[in-house]
Amino acid sequence: MSKHFFGDTAVLLGRSLRHITRSPDTIITTAIMPIAMMLMFVYVFGGAIRTGSDSYVNYMLPGILLITVASGIAYTAYRLFMDMKGGIFERFQSMPTARSSVLWAHVLTSLVANLISLVVVTLVALLMGFRSSAGVPAWLSVAGILILFTLALTWIAVIPGLSAKTMEGASAFSYPLIFLPFLSSAFVPTDTMPGPVRVFAENQPVTSIVNAIRALFTGQPVGTDIWIALAWCVGILIVAYGFAMTTYRRKIS
Amino acid sequence: MTTQQAAAIQVQGLEKAYKELRVLRGVDFTVARGSIFALLGSNGAGKTTAVKILSTLLKADAGTARVNGFDVATQAADVRESISLTGQFAAVDEILSGRENLVLVARLRHLKSPGEIADGLLARFSLTDAGARKVSTYSGGMRRRLDIAMSLIGNPPVIFLDEPTTGLDPQARIEVWQAVKELADRGTTVLLTTQYLDEAEQLADRIAILHEGRIIVNGTLAELKQLLPPAKVEYVEKQPTLEDVFLTLVGTKA
Ligand SMILES: Nc1ncnc2c1ncn2[C@@H]1O[C@H](COP(=O)(O)OP(=O)(O)OP(=O)(O)O)[C@@H](O)[C@H]1O
Ligand SMILES: [Mg+2]
């Protein structure tokens, strides 16, 4: 690792954070879709959905938070794609700068941007009546899971960001990720689902992550869900990181 | 041997293929320190490919290239300390201001007082008034000037300019030419690629023509002009232009 890695990453992180503060619409658009879904589910469908929970906002917020991240990382891919296309990526790579700093700066920017969106969405949920009995350790655990989830999805986003040919291609990969929570325990209990759908829903990563966060929010024992959730996050993170780095090396050699 | 060491760029037997397409098929040339060297070639000749290999962005399939005495394959980090690349398309950050772009590059080159460096370059490239504006509001010529200014930060001894004036109006072209001449006057080695023959005529100490993967001629403007068969010079009062030379050479080889 180059001796300038941390300094260069900090400089480049400052650059992309400036991009975000100059076009805060990326944060707003990231937050607006989950907020709209939340409003619709709570005030339109919520009354008809039986979850066994007294407040539907409480029930669905974990899933909404995951959707927030899934839509936020589309911008990670977009920002990286713009750097590749605009040639500034090559400029940085031809300079005496730590080369991987360019990538890490994007990853950290993604983390910061998504955390801001998550805070915004959580604040709106609080206004809509979301309440949690969670103490500080439980909140920290939720934050930890969401950070891991964001990093895992961010490394997935790096792959199209580096290799896409068009801007649409760079962000289209996020649609299935946004859709995944609908086939999970995020909005309705899985036991109402027909056979094969239920099998899929109960064994895909979103369900265990949602269940773990929900348990933490309501002060219930998290059981094995949290370990399955962490295993999914770390597993996806490692695989996506591997693929992203392979794509990256192919690009710079 | 001493002249070998003095050369800023030495390229030998450079080959590069993209899958089946053999773009460079044994390219050789040397560029003397402090000179301007123009690499001429038509679209797709492989100019950008050559520049990318020299600036460590691409690996060659065969051959060697040394820049400022360092091997591009094995001493890439030293090469990057010695060079600056102005790519074919202006590589500037559209969302930042011109000044912020310059400060960013100065920081990434680990220089002291990046602000002063930025202000100096803004003045030198007549961008002081626009310095605080977002680059997305710049004209093509301003953008290119900023792009070149960014490449000068840290005074690297070797600068690559890939088609620096393509798409610029005549006035902006002349401004870029002036900047390039100033660079050479300060002792910087410049390798530029171009499709414009008059640009090479104007700027270059030596001109090489890249055609079908090889350098088919390499010499000073005067030397290149002598390559024209004298029998073809019908108008005694008119000197052959480099364009004539180029078209004759490319035509006979094709
Ligand atoms: N990444 C790539 N993959 C496949 N083919 C490529 C790639 N980059 C360039 N080529 C091809 O290699 C050839 C040489 O390209 P190069 O960009 O080096 O030419 P050039 O002389 O710079 O042309 P121009 O004047 O249009 O900029 C072209 O035929 C081009 O299509
Ligand atoms: Mg080119």
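Cβ coordinates are placed from backbone N, Cα and C, and glycine is handled just like the others.
A quick note: this is a predicted structure, and the numbers were derived from the prediction, not measured.
Per TrEMBL, the feature domain 'ABC transmembrane type-2' maps to A:25-251.
Annotation comment: TrEMBL describes A:27-49 (among others) as transmembrane segment.
What TrEMBL lists as transmembrane segment is A:61-81 (among others). Counting same-chain residues at least six beyond the ends of the transmembrane segment (A:61-81), those with a Cβ under 8 angstroms from any Cβ of the stretch are 16, 19, 26, 29-31, 33-34, 37-38, 106-107, 109-110, 113-114, 117-118, 121-122, 125, 130, 146, 149-150, 153-154, 156-158, 160-162, 164, 167, 170-171, 173-174, 177-178, 180-181, 184-187, 206, 209-210, 213-214, 217.
Per TrEMBL, transmembrane segment is recorded for A:102-130 (among others). Cβ atoms under 8 Å from those of the transmembrane segment (A:102-130) belong to residues 9, 12-13, 15-17, 19-20, 26-27, 30-31, 34-35, 38-39, 42, 55, 57-58, 61, 64-65, 68-69, 72-73, 75-76, 79-80, 83, 89, 92-93, 146-147, 150-151, 154-155, 157-158, 161, 244, 248 of the same chain, restricted to positions at least 6 beyond its ends.
Residues annotated as transmembrane segment in TrEMBL: A:136-158 (among others).
If you look up TrEMBL, you'll see A:170-188 (among others) marked as transmembrane segment.
Counting residues 6+ beyond its ends, the transmembrane segment (A:226-244) has Cβ neighbours under 8 Å at 103, 141, 145, 148-149, 151-153, 155-156, 158-159, 162, 205, 208-209, 211-213, 215-216 in the same chain. Annotation source TrEMBL lists transmembrane segment at A:226-244 (among others).
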